[in-house]
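Structure, as structure tokens:
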Amino acid sequence: MPLLINMTLYIVREAVKLWRKIAMETCVELQIFMEKWKLLLAGLFFQYVHGVAAHGIHYLHRPGPILHDLGFSLLPEIGPDKAYVSEIFFSVIFFSFILWTFYPFIYHSKRFYTVLLWRRVLAILVTCQALRIITFYSTHLPGPNYHCRKGSKYATLAPPERILDLFLINVRGVFYGCGDLIFSSHMIFTLVFVLTYYKYGSKRFIKMLAWLMAVIQSLLIIASRKHYSVDVVVAWYTTNLVVYFIDTKLTEMPDRSNGNQPLLPLVAKEKESKSDETHKLLNGNSVNELDWVNIFNMK
């Protein structure tokens, strides 16, 4: 019985500490979000624009003979009954990265602000996706995927009856799209996530694992015949070049791993100083992050 009581008290105490961490980080991130919400919203809206563009190219897709491809010659087909393997693998990468970006809400050790990280990620994604749209509308290739081949009912779309049909994205279009080939959208997301973790992550083993997973994802896409090899190859060097370009244009994020780093980045603090009440609520008397942690630990 005493053991059960002690365990319950320990769980309650840790839950309170966790709640304090989440509440403190939410206040901080909210202040940054109020400054950057327009950029974040624009980045999210462009995901819809990209989806509309991919849906539109499906109307122009014409099935034809599959082009000769070196990757197809070297990698055996997985087959339509196992096409889900690459999607599951991609989902693991996708959701693992999303969860990692919110780790500052849980742990004491923090290396970045979640809002600023997603601003950078969305800026890279939008740039890559804009280049992708220009590319696959420039040259229309016959899709190698099973549902894009001759005889498949999904290979072509009937002309839209209404203008509105061009702007509606349905679930079938997401999984059975054709024509949006060069370059692979899955590889854009995968490489952006891997490069972001490589720069801002802290675990060397996970960094190496992330690169390995990117290579495996590339091979799965080709083996699933969802893209030609050129779509994957172009994604590899284009995404890396875009990341390099964005890194040179965007100001570097403040490194929060330094204990002397202010609770809010300088830009947010300057705007924060205009409101005395909010400033006192979040920063007290210029309290830094370690002071917050010490206060909470004392409690």
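Cβ atoms here come from the backbone N, Cα and C positions, even for glycine.
TrEMBL annotations:
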type     : residues : note
TRANSMEM : 39-60    : transmembrane segment
TRANSMEM : 83-105   : transmembrane segment
TRANSMEM : 117-137  : transmembrane segment
TRANSMEM : 174-198  : transmembrane segment
DOMAIN   : 177-245  : domain 'Sphingomyelin synthase-like'
TRANSMEM : 205-222  : transmembrane segment
TRANSMEM : 228-246  : transmembrane segment
- line: Near the transmembrane segment (228-246) in space but 6 or more residues beyond its ends, with Cβ under 8 Å, are 67, 69-72, 120, 123-124, 127-128, 131, 135, 141, 144, 181-184, 187-188, 191-192, 195, 218, 221-222
- request: For the domain 'Sphingomyelin synthase-like' (177-245), jot down how many residues DSSP puts in helix, in strand and in coil.
  value: 53 helix, 0 strand, 16 coil
Task: Tell me, roughly as an integer, the mean pLDDT over the domain 'Sphingomyelin synthase-like' (177-245).
output: 95
